[in-house]
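Asks: I have a structure I would like to understand better, so I am pasting it below and will then ask my questions one at a time.
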Amino acid sequence: CFYNETVGFFYNNSRKELTTYWRTKDVLVVALGLTVSVIVLLTNLLVITAIIINRRFHYPIYYLLGNLAAADLFAGIAYMFLMFHTGPRTAELSLKTWFIRQSLLDTSLTASVVNLLAIAVERHQTIFTMQLHSKMSNQRVMILIFCIWVTALLLGLIPSYGWHCLCALEKCSSMAPLYSRSYLTFWAISNLVIFLIMVVVYTHIFIYVKRKMTRMSKHTSFRPRYKETMISLVKTVTIILSAFVICWTPGQVVLLLDGLGCKSCNVLAVEKYVLLLAEINSLINAIVYSYRDNEMRSTFRRILC
């Protein structure tokens, strides 16, 4: 095993460029990355604060949306940590610090994915019983959120505790030179499968809601406000899911190609761009909250003013 080698040793093994000076491209990437990270931190902190102080948001679905904002906040911190430890600074990292850098990114993504899956299941269960909010107790929601973060931490830390290539250089990834390609393949396929499941769940929900609302609207006792609120909430979480899939799928595909050892795929050429696209998703979610929810917008104004 090569536990005493430097980060540069593994980068040379994977033939990934490791610069020793700041290029214009590196400065621009770091400047843009730090700007996006700061905006992500502030906007998602605003969402979490709004959910905490407004009692109208004290329901399971909003707790899960708040936890998604917490995952996005964590992603902003992880990306900011990456920006402070990238470019020429990468060569100065110890193996431990490099693994911490990658684990932060992996944990934040896993937390977002598992949280979105929990939201999809909650909406499916709630809407198919024609309720606006789940009857799940606050205690059960907190346990679910705790499980989401435990899962995210476990999957994020797996490479640091054995699923790496420090003892098998021929299995090293190109994008993450200390990670085993088999781990990238497992991680990318798992996420893509979860994306597909969520798309199927929301498609089922939309078809059901459309049919149900068409039948119920024929009755005079049907409450239009209930219909509008339910459809609006479904649309909000669906837009969040769609943005997540659009922003994260390119990165997962690139990781999968790298994991499968595609020689003709120039994954390193698009690595930084797909990572930045994924980080922008953490900003999109906060914008969706404020655009889709009038109560959230008014709470934002009250906090800021």
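Using N, Cα and C of the backbone, Cβ positions are placed for all residues, glycine too.
TrEMBL labels come from automatic prediction, so no person has curated them.
Got these off TrEMBL a minute ago, pasting:
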TRANSMEM  27-54  transmembrane segment
DOMAIN    43-289  domain 'G-protein coupled receptors family 1 profile'
TRANSMEM  61-84  transmembrane segment
TRANSMEM  104-121  transmembrane segment
TRANSMEM  141-163  transmembrane segment
TRANSMEM  183-209  transmembrane segment
TRANSMEM  230-253  transmembrane segment
TRANSMEM  273-291  transmembrane segment
Asks: Given the cut-off of 8 Å on Cβ pairs that are 6 or more apart in sequence, determine whether the transmembrane segment (104-121) and the transmembrane segment (27-54) share at least 3 such pairs.
Replies: no
Asks: Report yes or no: does the transmembrane segment (61-84) come within contact of the transmembrane segment (183-209), defined as 3 or more CB pairs under 8 Å with a sequence separation of 6 or more?
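Replies: The answer is no, given that the two segments have fewer than 3 Cβ pairs within the 8 Å cut-off.
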Asks: Need one number: mean pLDDT over the domain 'G-protein coupled receptors family 1 profile' (43-289).
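Replies: Summing pLDDT over the domain 'G-protein coupled receptors family 1 profile' (43-289) and dividing by its length gives 85.
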Asks: Can the transmembrane segment (27-54) be said to touch the transmembrane segment (230-253) if we require at least 3 CB pairs below 8 Å and skip pairs under 6 apart in sequence?
Replies: no
Asks: Return the stretch with the most CB pairs under 8 A relative to the transmembrane segment (183-209), choosing among 141-163, 230-253, 273-291.
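Replies: Selected stretch: 230-253, with the most Cβ pairs under 8 Å.
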